[in-house]
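Peer 1: Here it is: the structure, laid out below.
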Amino acid sequence: MSEAMMWLLVRGVWETLAMTFVSGFFGFVIGLPVGVLLYVTRPGQIMENARLYRSLSAVVNIFRSIPFIILLVWMIPFTRIIVGTSIGLQAAIVPLTVGAAPFIARIVENALLEIPAGLIEASRAMGATPLQIVRKILLPEALPGLVNAATITLITLVGYSAMGGAVGAGGLGQIGYQYGYIGYNATVMNTVLVLLVVLVYLIQLSGDRIVRAVTHK
């Protein structure tokens with residue numbers, strides 16, 4: 001493998017990490033409040049609102065059901081409006097964020113559902129407002145689950161970013177497609193595969209350690 005290809009792979013790793021973590025951050029900025037809203041508006045919860053819950057849940061389910069490669073192509077006009085181009089690192093972050101947000105929202109909702117109902121009832125009995133319950137009970141108690149959700153999301157985004165590489169998003173996916181598949185270079189393809197596996201392993205390892213650190217003893 002040439003030195004130029006090695007540097008290209010290094011840049012591909014950097015671009016993949018940038019796409020993954022930036023879109024993961026914005027995905028959480030959108031998905032976390034949506035997930036909390038899904039939980040608190042569920043039937044029997046502290047801000048029960050069946051109509052809002054059904055509407056929000058339907059939107060989340062619709063976006064979760066769209067395969068990422070279809071979402072990527074469908075969002076090209078919107079991506080051009082937002083960042084001025086439909087190819088490259090910045091352009092990839094837009095559909096990655098949109099793809100991650102509903103996924104995060106549903107995982108956040110499920111993490112909150114694991115909290116014992118008795119804690120919430122005790123807080124309500126002491127006069128806590130819904131906002132106080134969310135800030136002081138729900139989010140702290142669900143922190144291990146939320147960290148696990150972040151780990152799963154980042155791993156999913158690594159795979160999404162690789163798919164995006166096939167349509168010019170950059171990163172390891174584009175290198176594997178352009179030089180490995182189109183260029184019939186098995187060495188490049190295998191190297192990209194190994195690098196993606198290593199990235200996923202490191203993200204999972206880091207996530208597991210953080211979960212252990214924040215889990216209540």
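Backbone N, Cα and C atoms are what each Cβ position is placed from, and that goes for glycine too.
Remember, predicted model here, so these are calculated numbers, not experimental data.
Sequence annotations record features per position, and here Swiss-Prot assigns topological domain 'Periplasmic' to 1-19, 89-92, 173-185. According to Swiss-Prot, the domain 'ABC transmembrane type-1' annotation covers 13-204, on the basis of sequence analysis. Annotated transmembrane segment per Swiss-Prot: 20-40, 68-88, 93-113, 152-172, 186-206, in sequence order. Under the heading topological domain 'Cytoplasmic', Swiss-Prot lists 41-67, 114-151, 207-217.
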Peer 1: Apart from its near flanks, which chain residues at least 6 from the ends of the transmembrane segment (152-172) lie with a Cβ under 8 angstroms of it?
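Peer 2: Beyond its ends, the transmembrane segment (152-172) has Cβ neighbours at 9, 12-13, 15-16, 19-21, 23-24, 27-28, 68-69, 72-73, 86-89, 91-92, 95-96, 99-100, 103-104, 107, 192, 195-196, 199-200, 203-204, 207.
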Peer 1: Against which stretches of its own chain does the topological domain 'Cytoplasmic' (41-67) lie, if we need a Cβ under 8 Å and a gap of at least six residues from its ends?
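Peer 2: Result: 34, 74, 98-99, 101-103, 105-106, 120, 124, 130, 133.
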Peer 1: Can you tell me which parts of the same chain pack against the topological domain 'Periplasmic' (89-92), counting only residues 6+ beyond its ends and a CB-CB cutoff under 8 A?
Peer 2: 15, 18-19, 23, 79-80, 83, 161, 164, 169-171
Peer 1: Taking every residue in the topological domain 'Cytoplasmic' (41-67), what is their average pLDDT?
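Peer 2: Mean per-residue confidence for the topological domain 'Cytoplasmic' (41-67): 91 out of 100.
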Peer 1: List, by number or range, the same-chain residues at least 6 past the topological domain 'Cytoplasmic' (207-217) whose CB is under 8 A from its CB atoms?
Peer 2: 143-144, 147-148, 150-151, 154
Peer 1: If you run through the topological domain 'Cytoplasmic' (41-67) with DSSP, how many residues end up as helix, strand and coil?
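Peer 2: In the topological domain 'Cytoplasmic' (41-67), the DSSP-based counts are 16 helix, 0 strand, 11 coil.
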Peer 1: Would you kindly list the residues that approach the transmembrane segment (186-206) from elsewhere in its chain, counting only those six or more residues past its ends and only Cβ-Cβ distances under 8 Å?
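Peer 2: Contacts with the transmembrane segment (186-206): 1, 5, 9, 12-13, 16-17, 20, 151, 154-155, 158-159, 162, 172-173, 175-176, 179-180.
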Peer 1: Give residue numbers and ranges for long-range contacts of the topological domain 'Periplasmic' (173-185): same chain, 6 or more residues beyond its ends, CB-CB under 8 A.
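Peer 2: Tertiary neighbours of the topological domain 'Periplasmic' (173-185) are 5, 8-9, 12, 16, 161-166, 192-193.
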Peer 1: For the topological domain 'Cytoplasmic' (114-151), find every same-chain residue at least 6 residues outside the stretch whose CB is under 8 Å from a CB in it, and list them.
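Peer 2: Residues packing against the topological domain 'Cytoplasmic' (114-151) from afar: 24, 28, 32, 36, 39-40, 46-47, 104, 107-108, 203-204, 206-208, 210-211, 214-216.
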